[in-house]
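So the structure is just underneath, and the comments pick up after that.
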DNA sequence: AGCACGCCGACT
DNA sequence: GTCGGCGTGCTC
C-alpha cells in the first residue's frame, strides 16, 4: 500500500505518514484530508513512497485526497522549502500560511463559474424595452436597464455593483430574451491607452531591463519622487505581457492598492488582473489564486502574501517601495517578501525590479557592490513639478509653544490665507530614551558594540539593548563636562488643541488609527481632502504613504529628532525615507511645496542631506557608520525572540538557549536583552542576537541551534527565530 | 497548535 | 472522597 508523506499545519518540523491506497507520484502537491490525533486536518502531500519509518500500529489511513484542483506546482513547493529552511520555521506551517484559507479546510473547493468571463448586452428585444415599462418602485430593475442602455455591455462584477439582487434579475432577463451573454475576449495583447512619452532616463531603464530578457537579475530602480518609476514598471509589464507571460507586482501594505490598481487597469484594460489585498474575503482570494495558477490572470498585484501565489508563466517581479518594512512579516513566519521575490526570480530565471526613491541600505549596498544592477532616475518626469523646498526650524532659537514654533505658525497662517492645504506630521514612534548632552550633542555609547545605551530610570542605569552591557549614569557629559545631561524627551502632545486655539476658523482633520479604522473611512477622508473640505491635516506614519494631495503646499514636521539618537540603528534610515516621502506630498501638481522641520539639530547630516534631497550623501554616511559599528549590511543577523508572563522566565530560557550554542568563530552570540517594547499585551519580551559576516556560517549555525532549542522544555515560553530582523 | 494524561488543592 | 487546576508530551 502506498504511503503519503503529508505536511500539516502543526509546529513540528516533520512530515506525517499515512496509508493511501489510490496514491501515486502524480499526487505530490495535492491536498489530503487525514486523521490527526482526535481531529481531522488537511495538509499537502510532499512525497509518495512504498515504505515508512513509522511502526505499522501507529500508521493510519488518509480519509481522502482532493483532486478537484491541480497539485501545487513544484516551483511553489521549492519556494516553501527554501522559506522553511531559511527562516527556520516548520514546513507545514510555512505552506499552510502561504495558501488561501479555503485550501486549508477539510473540504474540496467548489469551483463556481468564474466571474469576469462573460459580458452581457441587450438583445434587439431588450433594446425595445422602455424604462417606463418597469414599475417605478422596482428600482433595481430600472437601474440595471438604465446601465445597459448607457454602457452597452456589462460584466458580472459591474452588475453586482449595481445591486446584489441585479444578478438574479439578469438571469430572468436572459430567460425573457432581453439579454445575451458572450465570452469576454481574454486578449493578452496589451491595449495601451494614453501612453506618456518616456524621458531619456526612463527609456534607458526600460531598455536595459527588457534587454536582459529571460535572465535572472536584480535591478534596483532608484528614482527620485516623481521620476516616473510607475511608468517604467508599466512598460516592462507591457513587454512581458506581449510574450504572453505574467507579471507579479508587490506593494506595501497601506499604500492604497486601489489607486495603483486603477492605474494598471486603465493602462491594460483588456488584460486580466488580479488584486490580492487584505480586503478580500476567502472566496475572492481563492478565485484570484486559481486565476494566477492557471495563467488566466496576467497581472497579479498584491501585498507581501502575494509572493506565495503560484504562477504558471512568470515573466517579471516588481517590488515597489522595496525599503518598506511591511514586506517583512512581523509575527509567526517572519519572512521578507522582497527577499523571497528575489529567490523566485532566480528560480524562474527572470528579472526582479526593486523600486524606491530611498532604497534600503541593504539594497543600496548590494547595488554599489554590483550584486544588483543599479538604475537611476534623477530627473522628474512630471512637467513643472519642482522639488519641495525643505528647511529646518531651529527650536533652540524659536521657542516651542505647546509643540509649535513661531515660524511654523506663520507659515500655516500664510498657507490658510492662500487657501492651500497644509499637513502637520508628527513622528511618534516609540523610541527608547537615550542620554543626551544638550550642549554638545553627546550621547552615551556602548563601548562593546557602538550602539547607544538606553536610559533605565527605575534603577538609574544605562543598558545596551544590543549586547546586554550595562553601566552607571555619568554625572556630567564626558565630552564637554556639562552637567545638563538628560534623557531625550518626547513631548509634543495636544498639537491639535494648540492648532485649534491658533486657527479657530480653520477646518482641522486629525488622522490616526481610530479615525481610519472604519471600513470606508479612508475613502471619506481622501474625498474630504480632495474637495478641499479640510485646511489642516494632522497625522502620523499613515500619511506618508503615496497619496496625492494636489492642493497641499505646506508640510510641518514635529518630533523627528528622536530618530537621530535612537538605539535602533535603522531609525535614521527610516526617518530619512519617511521624511522624503512626506515631503513628496507637498506641491505635486501646480503648487510649490514647502517643508518645515522643527529640530534642535539643524546641522545634523540627516537634515542637511534632506534639504539637498541628497539620498546618496546620507547613505554614504550611514554606510560608513554601519561598517565601523559592524551592523548590516556588513553583517548578517538573526534574533532569538522569546516571550512569557515573567521576564525572568524569558531571560532564563534565553540563557539556556545560549548554553546550547557552540558558535563557530565566524559567528558572534550576544547576551539576552529585554526587547525594545519589553512589555506588550501583558507579556514580557526579550531576545538574543546572533550575527556573522558570513551568511553561510550564520545559517549553518542557526540550523543546528534551532534543532537544539526545540528540545528545550518549553516552560510556557513562546519563541521564534527571526532571520534578518528589522525591529529589535 | 490542540488535546489528552496526570498529579495536587477546595468543594458536595 | 471528587472536581478541576494547568504542567508535560504526543500527534503518522
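In case you wondered, yes, glycine gets a Cβ from its N, Cα and C as well.
Copied over from TrEMBL:
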type	residues	note
DOMAIN	A:210-377	domain 'Helicase ATP-binding'
BINDING	A:437, A:440, A:477, A:480	Zn(2+) 1 binding site
BINDING	A:446, A:449, A:464, A:467	Zn(2+) 2 binding site
DOMAIN	A:472-629	domain 'Helicase C-terminal'
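A map of TrEMBL features onto the structure.
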| residue | record | DSSP (3 states) |
| --- | --- | --- |
| A:437 | Zn(2+) 1 binding site | strand |
| A:446 | Zn(2+) 2 binding site | coil |
| A:464 | Zn(2+) 2 binding site | strand |
| A:477 | Zn(2+) 1 binding site | coil |
Here are some binding-site residues: A:437, A:440, A:464, A:477, A:480. Which one has the most Cβ atoms within 10 Å of its Cβ?
A:464
How big is the Cα-to-Cα gap, in Å, between residue A:446 (Zn(2+) 2 binding site) and residue A:440 (Zn(2+) 1 binding site)?
18
How many Å separate the Cα atoms of residue A:477 (Zn(2+) 1 binding site) and residue A:464 (Zn(2+) 2 binding site)?
18
As a test of reading the model: what is the averaged pLDDT for the domain 'Helicase ATP-binding' (A:210-377)?
94
Say we define neighbours as other CB atoms within 10 Å of the CB. Which of the binding-site residues A:446, A:467 has the fewest?
A:467
For residue A:437 (Zn(2+) 1 binding site) and residue A:467 (Zn(2+) 2 binding site), determine the Cα separation and express it in whole Å.
23
What is the interatomic distance between the Cα atoms of residue A:480 (Zn(2+) 1 binding site) and residue A:464 (Zn(2+) 2 binding site), given in whole Å?
23
Take the C-alpha atoms of residue A:440 (Zn(2+) 1 binding site) and residue A:464 (Zn(2+) 2 binding site) and report the distance between them in angstrom, rounded.
22
